[in-house]
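Here is what TrEMBL says about this protein:
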{"type": "TRANSMEM", "residues": "15-37", "note": "transmembrane segment"}
{"type": "TRANSMEM", "residues": "57-78", "note": "transmembrane segment"}
{"type": "TRANSMEM", "residues": "90-106", "note": "transmembrane segment"}
{"type": "TRANSMEM", "residues": "112-132", "note": "transmembrane segment"}
{"type": "TRANSMEM", "residues": "144-163", "note": "transmembrane segment"}
{"type": "TRANSMEM", "residues": "194-213", "note": "transmembrane segment"}
{"type": "TRANSMEM", "residues": "234-259", "note": "transmembrane segment"}
{"type": "TRANSMEM", "residues": "279-303", "note": "transmembrane segment"}
{"type": "TRANSMEM", "residues": "315-335", "note": "transmembrane segment"}
Amino acid sequence: MITEHSRARNIVDGLVRSILPVILALIVAGFIMLAMGSNPLDFFAGVWTYGITGGNWQRSLVLMAPLVIVAVGLIVAFRGQLWNLGYNGQYLLGAVVASGVGPYLFAALPAWLATLIIFVGAILVGAVWSLIPAILKARYGTNEIITSLVMSFIAVGIVNLLIKGPFKDPNTPMPQTAVIPDDQLLPYIPGTEIHVGFVIAIVLALVAQFVLSRTSFGLRMDIFGASPKAARHVGINSTWMVILLFALSSGLIAFAGSIDVLGQYTYQRANWDPHYGDAVMPFVFLARLSPLAAIPLVAFYAILATGGTLAAQQAGLNVDFLLVIVGLILIFMTITEYVGERRRLGQSYLPPGLRRTLVRPFDGMRGRKSS
């Protein structure tokens with residue numbers, strides 16, 4: 001009975017600490033809109049109208065496809081206590097494999113085979129691109145935040161060079177790839193405008209949840225994430241674990257890029273970057289690195305992003321105001337994490353290593369206050 005009560009309390013605490021930062025962020029965002037002379041009620045009503053009502057919910061689900069896959073990729077790295085912050089470059093590399101190589105493959109091969117090759121190629125490109133930060137981290141302890149960010153900047157530059165060079169569509173003056181015909185894109189779910197990439201994303205999240213929570217590999221990953229030293233004592237090869245987790249994380253994020261091109265965008269322009277990783281990162285932590293819990297949180301952001309673009313324009317706001325809301329969620333998530341650490345609730349968004357990095361600035365403030 002006590003165990004069931006404790007379990008129920010942990011579930012309630014977890015839900016509160018996952019939802020509360022979002023609610024507080026929306027409230028503060030409303031006050032900011034008032035200060036800017038906009039009506040927050042009109043904005044939120046617009047989000048509902050353009051993100052859910054009518055057929056707009058289908059647009060939100062289409063956006064969910066790459067977001068969920070990016071979230072799963074980030075979870076794989078973060079569960080292993082690895083900061084893979086090169087997600088923007090990895091996503092764009094996967095996208096350019098689809099947009100740049102795709103037209104040639106579709107012209108020479110059946111659509112299903114070309115699609116399969118594109119997906120495999122995108123995953124491999126993303127995985128290979130992660131080898132440098134992974135090896136530097138595994139062999140020399142180099143900070144992966146710096147190396148993954150540097151590799152992301154390089155990837156963005158390479159992608160732009162490819163789009164402006166060999167992958168450029170000669171039939172348009174704009175620096176962009178050729179448009180992939182509609183009959184070669186991912187098929188739609190019958191009776192909807194939602195491509196099968198959404199189904200792939202949900203299935204991938206469910207499989208990841210099972211692997212991370214119900215298999216020996218997931219257990220080894222959690223042991224490594226909690227303590228690399230303890231992992232070595234139980235026979236886990238830390239070097240290969242770092243390389244494997246980086247490759248899986250980066251490969252999945254690149255896969256999201258290829259899904260997005262073949263399911264929605266059909267081509268890619270130079271200097272285009274949707275910044276999906278920046279958007280979903282707060283929700284990954286709010287989900288406590290659970291792929292299953294990330295699905296509804298990512299769905300919330302997909303609705304916010306889909307409906308919020310038009311809602312912001314109607315309210316006289318810049319579309320970048322959506323990033324302000326995401327930033328507010330991060331701030332309140334950090335505050336609730338700190339409060340939870342002080343109260344010792346046993347609930348945390350982060351593994352111990354990542355959590356120590358997050359709360360270290362507050363520890364310094366605490367020391368100055370006590371002195």
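Along the chain as shown, residues are numbered 1 onward.
Positions of Cβ are set from backbone N, Cα and C atoms, glycine also.
These numbers come from a predicted model, not from an experiment.
Away from its own ends, the transmembrane segment (194-213) comes close to residues 58, 61-62, 64-69, 71-72, 75-76, 79, 185-188, 221-222, 252, 256, 259-260, 262-264, 290-292, 294-295 of its chain (Cβ-Cβ under 8 Å, at least six residues beyond either end). For the transmembrane segment (15-37), the neighbouring stretch richest in Cβ pairs under 8 Å, chosen from 57-78, 90-106, 234-259, 279-303, 315-335, is 315-335. Using a Cβ-Cβ cut-off under 8 Å and counting only residues 6 or more beyond its ends in the same chain, the transmembrane segment (279-303) has close neighbours at 14, 18, 21-22, 47, 51-52, 57, 60-61, 63-64, 67-68, 70-72, 74-75, 78-79, 202, 205-206, 208-209, 212-213, 323, 326, 329-330, 333, 347-351.
At the 8 Å Cβ cutoff, the transmembrane segment (57-78) and the transmembrane segment (144-163) share fewer than 3 close pairs (sequence separation 6 or more) and do not count as touching.
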